[in-house]
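Have a look at the structure below, then the notes.
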Amino acid sequence: MDYTVTVATGTSEYSGTNNYVYVTVVGEKGESERTVLDNPGLDLCRGAVDKYRVHSAASLGQLLLVRLEKERYWVEDNWFCRYVAVTSPDGDTLTFPCYRWLVGNVKVELREGTAKKLNDDTLSLLLEHRRAELQERQKIYRWQAWAPGIPKCIDAKSEADLPQDARFDNEKRMAVALRDTLALKFGKSWDSLDDFKRIFWKLRSPVAEYVMKNWREDWLFGYQFLNGCNPRMIQQCRKLPDNFPVSEDMVQGSMGPKMTLSKEMKAGNIYLVNYAIMDGIPANVIRNRPQHLAAPLCLLYEHPESGLIPIAIQLDQNPGPDTPIFLPSDPPLAWLLAKIWVRHSEFQVFQVLSHLLRTHLVIEVFCVATLRQLPAVHPIYKLLTPHLRYTLEINCRGRTQLISSNGIFKRVVSTGGEGLLVLAQKEYKVLTYRSLQPSVDFHERGVTKLKGYFYKEDSMMLWDAIHSFTWGMVCLYYSSDTDVAEDEELQAWIQEIANEGFVDIPKFGLSSELKTREELNTLLSVVIFTSTAQHAATNNGQFDWCAWIPNTPCTMRCPPPTDKDAITMELVIDTLPDVSQSCMQMAITWHLGRLQPDAIQLGQYTEEYFTEPRAKELIERFRQELRDVEEHIAKKNEGLELPYLYLCPSRIENSITI
């Protein structure tokens, strides 16, 4: 009996191999001959799809596995296999997805592409294959606590310790390495605010230039709480905090005709951004000079004509004679510096909490648990693995290059060093699973009716599309709640997530078991939404909103002002980042926020883990829903002076890769 075997090699750089590769087809009635993949000419080149004939003494019956073996020839030459397809003598073709590197002298066995839960397998050979695969992965992918009081992560000192399957492709690795070459060192203050334009000569974007021209405007300050790179902090204010003694008279000048603060609070038009989490965070020391932090409270008013505008700012959580409440009616420089201090706290919170903790570190937990507890044939593994691509390496790089004791944050950011970890630990203690669900989060913050909140509107469209897609997949493979409860691999997965990854988090609220299809669907939606849309919302606008340094400074070199009348332009300049810090902030936000090389956009599954027609139909329906979302966002932004495009599906990556 002759079987036609088609072998597809990866398309990225160095995917091909000159080593010996052998294939064996395994069926329920036996195995084929072990056949070397060696056609006349070149085999297994980058991007190649090669065909071979494999002999068997008799029919193999139902095909179960394809065994690939790679052996060194002269020098080691790793190989990336995309898939193997086998056509039987009667013309039926089955696909065996691989999508992994074969490194060294190695043997791998591939399952046919139909997704199977544990209860779907009855043959001892296939059950043993599942068990052996997980045992091997659990040796390779191990948990560690990088620091106490934050989610656990992969056990790797650096990205070099990761297995090849978790590493960047060469093109991606080279592009990311470029950012370390842009560290400039000058070490002096700027002479004026206009001097910040001197680093604007090459790295530009339309939004960044718009910010440079309009950053002093109160309406743009308010707009950034809605559609900037940290749009999750604003909440409705029905009662002023006891530590924020704003009187009616203070803000009357900002109210509309016949309006008062109390009336507008009752009407739901007053909002608050409270940086209480910044209180008590130790500040960094950069080049022997202490940096400074604040924990502001900012009151905002949804003005019927001007939009969302700030009406009062307090820079400390403890009111008193040395903690003035800044108002729009104050001397212009005093009001400007107060807003700069709020934006400086924004930089710390969005980078460390909204971006790092709530997307990168949260998703790493799901990534490690998925690799340890779900075999490649499991439908949930197939669903999630494209949304976990590159996350382990980028997080390892973050821990060694950005937030380490000698990383970029330590060199230029006021929460660098100890402060960064203390801040993350404080947020982790109060992090909740509910807050990762946008529909719940918007309701609990009281912002469902806030006008011009494009982040909210676009997030909900994406959440609905993702939630619908995952529900279709869940129903395809789980016909009832009982199927979910009885899936032992799925239960081991959620137990490891809740009890190992998110350990010591008292208020998180994620159960260690999944009882219903709806519970599973919500969790899958959270994972995919967080690793795609939520990450894009906090990452992709970094350069736009932070490139003009005075708008969102990474550090402050003088303490918060205590006397409104003593504020001078010299104090403002001395407080803002120096030349070196400014250059580093601009360079790193450009590298982190720009479109990444070899980016795969949301919903584009270039690696086809699912082979069933129904699963492919669901994927195509998801893509159509995303196209509809894209069209809706495009129409909404037509004619807008400041468009909001970060949540266009075409601009969202399928996973956290930067």
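Every residue gets a Cβ built from N, Cα and C, even glycine.
Please treat TrEMBL annotations as automatic predictions, because they have not gone through curation.
Annotation comment: TrEMBL describes Gly16, Asp38, Asp77 as Ca(2+) 1 binding site. Non-local contacts of Asp77 (Ca(2+) 1 binding site) by the CB criterion (under 8 A, 6+ apart in sequence, same chain) comprise Thr17, Asn18, Asn19.
Per TrEMBL, the feature Ca(2+) 2 binding site maps to Asn39.
The Fe cation binding site annotation in TrEMBL covers His355, His360, His535, Ile658. Listed in sequence order, Cys229, His535, Thr538, Asn539 are the same-chain residues six or more apart from His355 (Fe cation binding site) with CB atoms under 8 A from its CB.
Per TrEMBL, domain 'PLAT' is recorded for 1-116.
The annotation domain 'Lipoxygenase' is assigned in TrEMBL to 116-658.
Note on Trp101 (site 'Essential for stabilizing binding to COTL1'): other Cβ atoms within 10 Å of its Cβ, all shown chains, come to 22. Taken from TrEMBL, the feature site 'Essential for stabilizing binding to COTL1' covers Trp101.
Cβ environment of Asn39 (Ca(2+) 2 binding site): Asp50, Lys51, Tyr52 lie under 8 Å away, each six or more residues apart in the same chain.
Taking the Cα atom of each, His360 (Fe cation binding site) and Trp101 (site 'Essential for stabilizing binding to COTL1') are about 24 angstrom apart.
The helix, strand and coil residue counts that DSSP assigns across the domain 'PLAT' (1-116) are 0 helix, 63 strand, 53 coil. Within the set of binding-site residues Gly16, Asp38, Ile658, the entry lying nearest in space to Trp101 (site 'Essential for stabilizing binding to COTL1') is Gly16 (CA atoms). Within 8 A of the CB centroid of the Ca(2+) 1 site residues Gly16, Asp38, Asp77, the other residues of that chain are Thr17, Asn18, Asn19, Tyr20, Val21, Leu42, Asp43, Leu44, Cys45, Tyr73, Trp79.
Those residues of the chain, other than His355, His360, His535, Ile658, with a C-beta within 8 angstroms of the mean position of the Fe cation site C-beta atoms are Leu356, Thr359, Ile394, Thr538, Asn539, Leu592, Ile656.
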